[in-house]
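Feature annotations, reproduced from TrEMBL:
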DOMAIN    110-187  domain 'Cation-transporting P-type ATPase N-terminal'
TRANSMEM  170-187  transmembrane segment
TRANSMEM  199-218  transmembrane segment
TRANSMEM  354-374  transmembrane segment
TRANSMEM  404-430  transmembrane segment
TRANSMEM  837-855  transmembrane segment
TRANSMEM  861-880  transmembrane segment
TRANSMEM  974-993  transmembrane segment
TRANSMEM  1005-1024  transmembrane segment
Amino acid sequence: MASKLKYSSNVVYYGGIQSVLLNITTAPLTKSQKKWRVACIVIYISLSLVKKIVPKKKKILNPKYSSHTVLEIKPVPILADEVEDSRGVINTELDQTKLTEIVKNKNLAELHAFGGVQAVAELLETDAANGVNGDEQDLIKRRMKFGSNTYHKPPPKGLIHFVVEAFKDTTILILLACAGLSLAFGIREHGAREGWYEGGSIFVAVFLVVAVSAASNFRQERQFDKLSKISNDIKIDAVRDGRRMKVSIFDVVVGDVVFLTIGDQVPADGLFVEGHSFRVDESSMTGESDHVEVDLLHNPFLLSGSKVADGWSRMVVVSVGMNTAWGEMMSSITRDSNEQTPLQERLNKLTSSIGKVGLAVASFVLVVMLIRYFTGNTENDDGFQEFNGVDRDLNDVFNSVLRIVSAAVTIVVVAIPEGLPLAVTLTLAYSMKRMMADQAMVRKLSACETMGSATVICTDKTGTLTLNQMKVTKLCLGHEEIGHDFARVIGRDLLELFYQGVAFNTTGSVYKAKKTGSLFEFSGSPTEKAILSWAVQDMGMDIEKLKSDYAILRVETFNSEKKRSGVLIRSNADGSCYVHWKGAAEMVLAMCSSYYEVNGEMKRMSDEKRSQLEKIIQGMAASSLRCIAFAYRQMEPGESKPDEDDDDKSTTTKNLSEKDLTLLGIVGMKDPCRPGGRKAIQSCRAAGVDIKMITGDNIFTAKAIATECGILDPDEQVADGEVIEGVEFRNYTPEERMLKIDNIRVMGRSSPLDKLLMVQCLKQKGHVVAVTGDGTNDAPALKEADIGLSMGIQGTEVAKESSDIVILDDDFSSVATVLRWGRCVYNNIQKFIQFQLTVNVAALVINFIAAVSAGDVPLTTVQLLWVNLIMDTLGALALATERPSDDLMHNRPVGRTEPLITNIMWRNLLPQAFYQITILLTLQFRGRSIFNVDEEVKNTLIFNIFVLCQVFNEFNSRNLEKKNVFKGIHKNRLFLGIIVVTIALQIVMVEFLRDFADTVRLSLVQWGICVAVAAVTWPIGWVMKLVPVMEKPFLSYFKVLAFRL
């Protein structure tokens, strides 16, 4: 009796049982035969019942293993609302968890046991060609079952964190200690009702400073976090319901079919479905720098976070978000928002230096005041000696010493310009936010300030200076140029060859909805979309029919060195094979030995004809056309045989034939220049920034576009060495490159390595270099440059990650805007430094002279803290948020060696500080007699004039060089608002918070005197801007003097 059990959709067989049943006779049966007869009938009926119960639609997963018992199990849809195992328990995670682990661990054996990639796609209810259903209900269902493509991030720092950080400042802690002691002794001496004034006032002032500082830092943290989310929102190509579309990486779901090309980031863990020459960089996951080849048979696994290094493919998403190794890793990484820019580091050094000076002055003041107090040289408010060493209460002595220490510590607080780092943070955050609105996303803070120092910008052509909206406008066949009616003019056989070359040698795709009369949608790069659109709409190409008639055997993807791509296809009808090439016209032409005429006649390529075609290419390029040539060769029988039986069509085992090709034709595509490109280039050149165009296009096309955009002057003869090819630049000796590099304005037919070499040479000559790039191969140049500018639309993820700023609209006008903002950041910080140093110099000198000569400081602790608040926080807000002006683009670049505090700034701040010192010391020593007022009114006048001087000086600081400091002030509402708030709070401090601020009320006349004295800072500022400055840095004279001494 046979021992094989086999289920079929129609009949059930059981070895010899069927033969027994079919051979029933009327002959007498033995006892054993009767038993067998009954057993067979029972088995037959049982199996018939099983057949009725088991579903009819069954597949045998591995039919070739027929020598074994086959148990057919239909894959259970994971998306089903309820999936039960044999015990009736819902089981929706077992298979998905196992599948996730298979991909994570790259377990090929387990994948084969699962049924392979196709079985996984069916299990996930997706189509490898058309993707998931894509309706909202289906997507929601998938996210509920498998999760979203996001990862858990550590919570951002809260406001409390920044408050705690602010309280860690040593001077703040000392002031709090002083305030606590003052409060305790004040209450003990004067009672709770009046004794809290001095200590409580210091507490309030300190808390106010801390609160404003913490709130500002918290706001910037939220701003940076928001920008980080935007920068991580990568757009990828996915196909849903047969339609290719752009999808946010966060919206990718399990089952999605995703297209990947060079430079893309793998959005989730998945499996390779189809592709060619596909290699990925998994260094971000594994640390291995070698590129990993991915194919259908040997390694179909794709890990989230990897970057595509070569080729293209389609993948099916298997796991997303926290189910991927990338998600687990990213969830444990805390973003470092404490990135220090070069300017911030320089300012920290400046702050430290000023702080040391302030500490020295405060220490000296402390010693002098203590000596004067204990030697009996100080008087109280009633004019009596404060300390006589005999009948002085110990509490009074302690309070006096505490007041002296508090005043000294406050001098340190005022002297240390904490506002400098805050000003940088504010202006960077403000500029980042504004730059986002101006189509520039900052990825690295340092780029904001560095861009202001740029002396050279190396820019691409396509998409940056042009619109990147390609359109085929001309076709050259033989010696004829065709501009319209392509399909009618071209011979039928030649047309079919064009169809092959366009349909299969492309990374783009064509989609047409099923409904009648719908339009075609084209996906891919602008060049691919233009060619596909031309072939489908102007030449009548049916891409679906071609895909059914031919099979792709091998693909050679586009290479930036060779500047061409190729494909080997086989006809399903007769097995004939064709190799097709497409790429840079002059390079493809060099591979051809024959060509086609318009009527379809093939002719040998003579030297004369080759020269004629080269001139045609040059003529088309001179008309700003990008020239793409198509060539093919029909393979001889046996030439492609080694690959015919290769099951793995995703890899390239040998190069395609590049010899004895036949030129099909040359296509000319027009890419118009961007409307604002010429004006932006003129603006950059007027600002002293040199523009160099580096492109892979034909040198004649590059020259034409450069002339159209204003890089080259159409009215001037192009000088020798201004327009060169990449190979020429590459072949220069290092000395020749350094000698000629400043004269180069256009480089055509350049490779990414030429761009990198250009950047390195420019940096060696001392230039601050900005570079634009969109391709994966541009990454080295983007990293090498001082400022890397990647393109947001056409740029690959590798290029974006290598850059400092992403130009969201790919427009050179936005590059010029980034330059304006970079200069604005640098200029705003210089404005604030000038403003703050004026206050620092004045406060230190006044307190020092007053303490040494009179034994007391004219400003109390609370008053100095209030000045510190105006100077640091409100001043930073007012001056760090100025928008860029056109005047900034008329200055030369600051370069690398320009000092942070320029001679212009010293010219502006020293006279202002000298004026404030003179006025306040005059009031300190002669104020009572001049205004005939008592001590309290005199001190209030000093405090009021000092604050108002800073308010008026804020206007002077708005412009470092221009005399008219009020120009455009109506546009900066924040500045005006801060001025109004400062003045209002000062009135409240003087008139209503007398006990808190240790002030008295002033009359209108006295207020008028304060305003008049402070307003003198305006004419002083105007006059000083008439004084010319020297080229040599101001501080260098002190270095020379110190050296001589």
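Glycine is treated like the rest: Cβ placed from N, Cα and C.
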I'm a bit unsure how to read this: which one of 170-187, 199-218, 837-855, 861-880, 1005-1024 has the highest number of Cβ pairs shorter than 8 Å with the transmembrane segment (974-993)?
861-880
Give the residue counts of the domain 'Cation-transporting P-type ATPase N-terminal' (110-187) per reduced DSSP state, in the order helix, strand, coil.
51 helix, 3 strand, 24 coil
Have the transmembrane segment (861-880) and the transmembrane segment (199-218) got at least three CB pairs under 8 Å, pairs 6 or more apart in sequence?
yes
Long-range neighbours of the transmembrane segment (837-855), counting only residues six or more past its ends (CB under 8 A):
354, 357-358, 361, 364-365, 368-369, 372-373, 377-378, 411, 414-415, 417, 864, 867, 871, 901, 905, 909-910, 912-913, 916-917, 920-921, 924-925, 946, 949-950, 953
